[in-house]
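Input: a single structure, listed below in structure tokens.
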Amino acid sequence: MGESRTELLAWVNDLLQLNYTKVEQAGTGAAYCQIMDSVFNDVHMTKVKFDTKHEYEYVSNFKVLQHTFDKHKIDKIIPVDKLMKCKFQDNLEFMQWVKRFWDQNFPGGAYDSVQRRKGGGPSSASARSPAVGRSSAVGAGAAASMARKAINNNSPAARSANRTPTGRLSSSKVGGGSADAAKIGDLKAQVTDLKVTVDGLEKERDFYFGKLREIEILVQEQLEVSQGGADETDRDCIKEIQGILYRTEEGFEVPPEGEDEDEEQYDDETF
């Protein structure tokens with residue numbers, strides 16, 4: 001059995017430093033996003049809106065959440081339509097699942113939720129769980145090593161070796177290679193993020209296109225039914241809805257029939 005409403009609220013408020021009084025308040029999506037940030041430390045918290053008043057802001061938050069799920073391959077469907085209604089039962093069940101996920105994956109250590117909401121950088125694993133003893137030992141060893149080098153460098157052989165440019169050239173090459181590798185890694189990460197974003201946008205496009213298609217079919221059916229002497233007001237209203245569906249923006253034209261197929265065939269050609 002999952003945690004109770006009281007237990008979940010206490011956990012969320014403690015972890016994120018919030019003052020939620022109802023589980024339903026998580027229906028804006030903001031809390032879910034930051035809980036995932038406490039696990040992965042890579043959620044774009046600057047895009048997450050906590051002071052939300054409009055539904056489109058909820059949608060924006062859930063886009064960030066879906067992006068995180070896709071990026072980390074979390075196989076869980078987010079019932080956005082239900083959660084956005086801010087109903088108790090739907091958000092309770094989803095929050096219980098989020099809590100179980102957090103229990104299994106939270107890396108431990110301190111999480112500065114307030115700083116992250118302000119746009120602070122992600123804390124590293126070492127910053128969360130500092131190994132004080134190990135750092136001291138490493139520091140002492142490094143100091144001893146530097147002292148030995150200083151003594152040895154006073155010998156004539158050492159001074160002669162220091163004048164040889166070979167070592168400096170080698171270090172430069174190694175440093176340049178490391179910088180290139182880091183840049184390549186950063187670019188690969190950006191490409192991965194962009195692919196995830198594109199996948200999310202395609203899913204969103206298909207989702208809303210499906211809704212519009214259903215509305216279009218319903219409108220067409222109602223117009224056919226109303227041809228036999230229906231209320232003119234209702235018929236005018238349906239026609240107006242149909243007009244909105246078929247209206248295009250300035251500069252955008254619907255291609256003639258057959259043109260799409262030609263373009264697809266052209267796109268499939270390889271040169």
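Cβ atoms here come from the backbone N, Cα and C positions, even for glycine.
Keep in mind that this is a model prediction, so the values were computed, not measured.
Annotation source TrEMBL lists compositional bias 'Low complexity' at 123-133, 153-163. Annotated compositional bias 'Polar residues' per TrEMBL: 164-173, in sequence order. What TrEMBL lists as compositional bias 'Acidic residues' is 256-271. Sequence annotations record features per position, and here TrEMBL assigns domain 'Calponin-homology (CH)' to 2-103. The domain 'EB1 C-terminal' annotation in TrEMBL covers 176-254. The annotation region 'Disordered' is assigned in TrEMBL to 113-133, 153-177, 248-271.
Regional average pLDDT for the domain 'EB1 C-terminal' (176-254) in the model is 76. Look at the domain 'EB1 C-terminal' (176-254): DSSP puts its residues at 68 helix, 0 strand, 11 coil.
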